[in-house]
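> Copied straight from Swiss-Prot:
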MOD_RES   A2  N-acetylalanine
BINDING   G115, S116, Y127, S191, G320  gibberellin A4 binding site
BINDING   S116, Y127, S191, F238, G320  gibberellin A3 binding site
ACT_SITE  S191  active site
ACT_SITE  D289  active site
Amino acid sequence: MAGGNEVNLNECKRIVPLNTWVLISNFKLAYKVLRRPDGSFNRDLAEFLDRKVPANSFPLDGVFSFDHVDSTTNLLTRIYQPASLLHQTRHGTLELTKPLSTTEIVPVLIFFHGGSFTHSSANSAIYDTFCRRLVTICGVVVVSVDYRRSPEHRYPCAYDDGWNALNWVKSRVWLQSGKDSNVYVYLAGDSSGGNIAHNVAVRATNEGVKVLGNILLHPMFGGQERTQSEKTLDGKYFVTIQDRDWYWRAYLPEGEDRDHPACNPFGPRGQSLKGVNFPKSLVVVAGLDLVQDWQLAYVDGLKKTGLEVNLLYLKQATIGFYFLPNNDHFHCLMEELNKFVHSIEDSQSKSSPVLLTP
């Protein structure tokens with residue numbers, strides 16, 4: 001066993017850029033300490049270890065951010081805007097009454113951070129940096145959602161928080177843009193955040209709230225069956241099957257298995273999306289993520305119901321490749337994100353996915 005672990009470690013270090021390997025390995029080590037065998041979680045230690053950063057009242061690298069706490073739900077969101085779009089009074093305070101633009105369309109990206117429903121937050125340094133890069137590179141406004149985490153808050157708490165965030169964003173005059181004064185909303189997230197984005201989009205579809213598109217970065221899906229990628233990649237690139245199982249037990253309702261629709265959206269108990277106006281999707285799959293088969297099954301599920309889906313498959317990418325701009329996968333992702341959020345024309349559903357090759 002020790003020899004196998006050493007082989008996996010050496011292979012991982014050979015493929016993954018050193019800075020990224022160190023970063024994600026540190027997360028992996030901390031996560032292992034925080035999870036308890038009885039299903040509980042050391043939240044106090046997690047908060048101590050999670051490096052957080054405040055919002056910045058002065059633009060940093062052309063991006064301004066501020067926090068908002070909803071007085072009704074107590075939900076915190078962090079809003080990132082290009083400094084060029086800020087409206088300030090002559091006293092320097094924010095003026096949140098004017099739209100972002102009355103001529104140009106400015107996409108608003110509602111972002112759900114990853115962490116397997118359990119780790120990180122909207123003000124975690126690593127996600128703060130990532131959201132800033134989204135603003136700078138893609139020319140969007142980002143609203144990062146500090147949703148409630150498991151195991152203290154199980155299904156469907158994170159989805160409910162995502163739904164509340166969507167409705168709050170849609171009601172903000174100062175997030176409107178374009179000649180028709182709309183809020184042009186996209187949902188996005190990585191890992192568990194991608195799962196949340198999908199489920200919020202399903203609810204938006206059911207309740208007639210318009211979302212222009214979904215962006216899912218190696219979304220966290222699964223099922224009872226063990227897939228080939230789970231067997232082949234178990235423990236090789238940062239994550240084990242046991243890790244994933246622990247997080248699903250911590251998030252799903254007590255007594256549920258991994259074929260619950262929250263985990264397996266197109267599984268035996270999943271909701272059919274056939275004939276509904278579900279938004280177009282960009283699904284990013286890392287070829288070294290052990291749950292990639294479930295992500296590809298998700299793409300196939302969208303395809304079979306006639307929905308528009310773009311698949312960006314990055315064969316040599318691992319989870320978290322986008323945290324640092326030290327690899328070609330990062331730049332490929334940003335290029336595709338930029339194109340996706342700026343192609344807001346309503347398109348007809350397509351019968352097959354578009355495979356994007358880096």
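Cβ atoms are placed via backbone N, Cα and C, with glycine included.
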> In whole Å, note down how far the CA of D289 (active site) lies from the CA of S191 (gibberellin A4 binding site).
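Cα-Cα distance, S191 (gibberellin A4 binding site) to D289 (active site): 10 Å.
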> If you measure D289 (active site) to Y127 (gibberellin A4 binding site) at Cα, how many Å is it?
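About 20 Å separates the two Cα atoms.
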> Give me the sequence-ordered set of same-chain residues, not including G115, S116, Y127, S191, G320, with a C-beta within 8 angstroms of the centroid of the gibberellin A4 site's C-beta atoms.
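So the extra residues in range turn out to be H113, G114, H119, S120, D190, S192, G193, I319.
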> Return only the integer: C-alpha distance in Å from G320 (gibberellin A4 binding site) to F238 (gibberellin A3 binding site).
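For G320 (gibberellin A4 binding site) versus F238 (gibberellin A3 binding site), the Cα atoms are 10 Å apart.
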> What does DSSP assign Y127 (gibberellin A4 binding site), in three states?
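Looking at the DSSP assignment, Y127 (gibberellin A4 binding site) belongs to a helix.
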> About how far apart, in whole Å, are the alpha carbons (Cα) of S116 (gibberellin A4 binding site) and F238 (gibberellin A3 binding site)?
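With distance taken Cα to Cα, F238 (gibberellin A3 binding site) is 13 Å from S116 (gibberellin A4 binding site).
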> Between the Cα atoms of Y127 (gibberellin A4 binding site) and F238 (gibberellin A3 binding site), what distance do you get, rounded to the nearest Å?
19
> Provide, as an integer number of angstrom, the distance between the C-alpha atoms of G115 (gibberellin A4 binding site) and F238 (gibberellin A3 binding site).
13
> At 10 angstroms around each C-beta, which of the binding-site residues S116, S191 has the fewest other C-beta atoms nearby?
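So among S116, S191, the binding-site residues given, the one with the fewest Cβ atoms within 10 Å is S116.
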> Largest pairwise Cα distance, Å, within the listed gibberellin A4 binders G115, S116, Y127, S191, G320?
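This binding site's residues have a maximal Cα-Cα distance of 14 Å.
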> Given the gibberellin A3 binding site residues S116, Y127, S191, F238, G320 in the record, what is the largest Cα to Cα distance, rounded to whole Å?
19
